[in-house]
Amino acid sequence: MANVVVVGAQWGDEGKGKIVDWLAEQADVVVRFQGGHNAGHTLVIDGVTYKLSLLPSGVVRGGTLSVIGNGVVVDPWHLVDEIARIGTQGVSITPETLRIADNATLILPLHRELDHFRETANATLKIGTTKRGIGPAYEDKVGRRAIRVVDLADEALLGAKIERLLAHHNALRRGLGIEEVDGAALKAELLAIAPKILPYADTVWVLLDEARRGGQRILFEGAQGALLDVDHGTYPYVTSSNIVAAQAATGSGLGPSAIGYVLGIVKAYTTRVGEGPFPTELTDAIGEKIGERGREFGVVTGRKRRCGWFDAALVRQTVRTSGIDGIALTKLDILDGFETIKICTGYRLDGRLIDHLPASQADQARVEPVYETIDGWFETTAGARSWAELPAQAIKYVRRIEELIGATVALLSTSPERDDTILVHNPFED
């Protein structure tokens with residue numbers, strides 16, 4: 001029996017929600033280990049759609065413990081709102097079903113304000129953030145001045161920590177011409193929200209270690225995609241945390257040996273939200289068609305996603321940097337009806353053929369995709385639950401992807417419904 005880490009293998013929005021829900025039904029514990037409420041995921045269960053952004057997917061499954069790990073930055077006000085919103089759909093979240101790492105960093109109003117100011121102040125330098133304060137909160141964490149969940153329980157220490165935090169932020173705000181933050185007001189806001197957060201606080205690394213030693217199945221749920229990883233992504237057009245599978249250990253407090261099977265979620269084509277390089281982007285009618293069919297709009301922001309052909313070179317990179325054992329291929333049905341389909345196998349840079357995306361921002365902007373064209377299929381793949389139901393050309397497309405990325409398909413998703421899934425290998429049985 002293996003614990004399972006789920007990571008997006010592209011730029012996010014790969015369809016992790018459905019796959020995580022499918023796995024969560026078999027898990028005892030589901031853990032979020034990085035990011036914040038900047039990346040949404042959609043679950044469709046018994047015809048009911050749940051949209052989550054901070055809460056782990058396990059919250060909609062009875063009998064599953066959900067955990068927000070220390071690698072996550074937590075907006076306490078958003079968390080309270082999300083718990084209430086999910087509650088209106090009949091999902092009861094209590095301290096018995098949700099635990100939050102007491103050493104997790106908090107996102108504060110000043111982080112959201114700074115994020116918004118930076119992103120709108122200079123259009124030529126914008127990264128394409130969600131303006132939700134994620135980056136500035138991580139900056140404070142690394143700068144050792146962050147307010148953490150545990151600090152909400154100590155009013156005296158909280159005041160001292162706010163004073164230290166504002167020594168930095170108010171100096172910065174003066175330089176930017178932004179009104180300074182009043183420490184007393186911020187403290188009052190935090191003390192008001194504290195009773196709604198502290199009941200969920202726990203020493204999560206101990207809880208998870210006990211679960212592991214007790215033989216419980218742990219599912220580590222990644223947010224976004226590995227190509228947005230702060231080290232291994234298309235820097236600087238990335239998020240502010242590590243997303244690759246190794247972060248599951250760091251962001252939860254468990255050792256690397258606790259990570260078992262790494263499942264990469266891969267869309268049958270490529271999408272990206274916001275700024276940054278996108279070698280296979282389609283700005284023509286084909287790109288529009290893929291976007292319309294796939295309903296490619298962000299769960300959190302509603303922003304339209306950029307669409308393009310499948311980039312095997314990029315996914316191959318992620319397979320290596322995350323140690324992916326197998327993939328879940330999603331949205332194959334969106335490609336139904338295309339006469340021909342292209343797959344990017346590598347790039348041309350200044351006349352040279354290369355098999356990976358270079359780290360240089362300038363080089364990333366100049367690479368030209370090298371395509372392989374295969375015949376499409378006109379039969380539907382939507383709702384297929386076995387290989388026998390798939391058109392021969394669709395199977396050929398899947399097999400070619402496996403060859404190019406160096407990883408096999410463990411699951412194949414053919415619609416948003418959880419049961420429309422072809423199981424090749426159950427990651428928990430590795």
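Using the three backbone atoms N, Cα and C, a Cβ is placed for every residue, glycine included.
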Record-annotated IMP site (Swiss-Prot): member among Thr129, Thr130, Thr318 besides Asp13, Glu14, Gly15, Lys16, Asn38, Ala39, Gly40, His41, Arg144, Gln224, Thr239, Arg303: Thr130
Candidate with the highest Cβ count within 10 Å, taken from the binding-site residues Lys18, Arg303, Lys304, Arg305: Lys18
Residue among binding-site residues Asn38, Thr42, Thr130 with least C-beta crowding, 10 angstrom cut-off: Thr42
Neighbouring C-beta atoms (10 Å sphere around the C-beta of His41 (active site, proton donor)): 27
Cα separation, Gly15 (GTP binding site) to Gly302 (substrate binding site) (Å, whole number): 16
Residue among binding-site residues Gly15, Gly40, Gly302 with least C-beta crowding, 10 angstrom cut-off: Gly302
Alpha-carbon spacing, Gly40 (IMP binding site) to Thr414 (GTP binding site), which is rounded to whole Å: 20
